[in-house]
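Undergrad: First the structure, which I've put down as structure tokens, then a few questions once you've had a look.
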């Protein structure tokens with residue numbers, strides 16, 4: 001049985017994330033989506049809120065679970081016997097960044113392989129900072145994030161401009 005892990009901060013969860021999770025769920029026996037905190041970014045949603053958004057979005061995917069992760073992803077992977085780390089790639093900048101992380105992870109945990117999935121072209125330009133800016137100024141988020149996330153973003157950022 002192949003267990004894969006798809007880590008991220010998911011702040012906010014995007015339709016691009018949901019697309020990658022759905023595609024990865026078809027490739028592996030079990031997929032664990034891990035929610036972590038990106039210490040270099042100001043958070044919009046709490047960890048609990050992000051977990052709830054993901055769980056709602058993936059409810060129809062029986063082989064996908066969501067867990068909170070603190071620490072090194074490869075250490076978490078060892079603890080659940082996962083052997084594949086799934087990453088989404090939007091552009092060449094993402095690729096170069098992920099290549100460096102994959103090499104480091106391979107050094108720390110030789111049993112871990114990284115599988116990079118190319119983002120669907122309709123989501124290649126989407127980033128969390130861009131989405132927050134769109135929400136702050138009342139832009140339409142319907143095609144970019146799940147509806148529950150769009151509503152929560154508008155409520156959270158209302159009057160923040």
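For all residues, glycine too, the Cβ spot is worked out from N, Cα and C.
What you are looking at is a predicted structure, and each value in this text was computed from that prediction instead of being measured.
Annotations for this protein, taken from Swiss-Prot, read as follows:
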- 9, 41, 73, 87: substrate binding site (BINDING)
- 9, 10, 17, 88, 89, 90, 98, 123, 124, 125, 126, 127, 128, 129: ATP binding site (BINDING)
- 17: site 'Transition state stabilizer' (SITE)
Undergrad: DSSP three-state call for residue 87 (substrate binding site): helix, strand or coil?
TA: strand
Undergrad: Among 9, 10, 17, 88, 89, 90, 98, 123, 124, 125, 126, 127, 128, 129, listed as contacts of ATP, what is the widest Cα spread in Å, to the nearest whole number?
TA: 19
Undergrad: Pick out which of the binding-site residues 17, 87 has the most other Cβ atoms within 10 Å of its own Cβ.
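TA: The residue with the densest Cβ neighbourhood is 17.
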Undergrad: In whole Å, how far is residue 128 (ATP binding site) from residue 87 (substrate binding site) when you measure between their Cα atoms?
TA: 16
Undergrad: Sorry to bug you, but what's the C-alpha spacing from residue 73 (substrate binding site) to residue 124 (ATP binding site), rounded to the closest Å?
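TA: With the alpha carbons as reference points, the distance is 24 Å.
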Undergrad: Residue 128 (ATP binding site) has how many other Cβ neighbours within 10 Å of its own Cβ?
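TA: Its Cβ shell of radius 10 Å holds 20 other Cβ atoms.
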Undergrad: I need the CA-to-CA distance for residue 73 (substrate binding site) versus residue 89 (ATP binding site), whole Å please.
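TA: Rounded to the nearest whole number, the Cα-Cα distance is 18 Å.
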Undergrad: CB neighbours of residue 124 (ATP binding site) within 10 A?
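TA: I count 15 other Cβ atoms within 10 Å of it.
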Undergrad: If you measure residue 128 (ATP binding site) to residue 9 (substrate binding site) at Cα, how many Å is it?
TA: 10
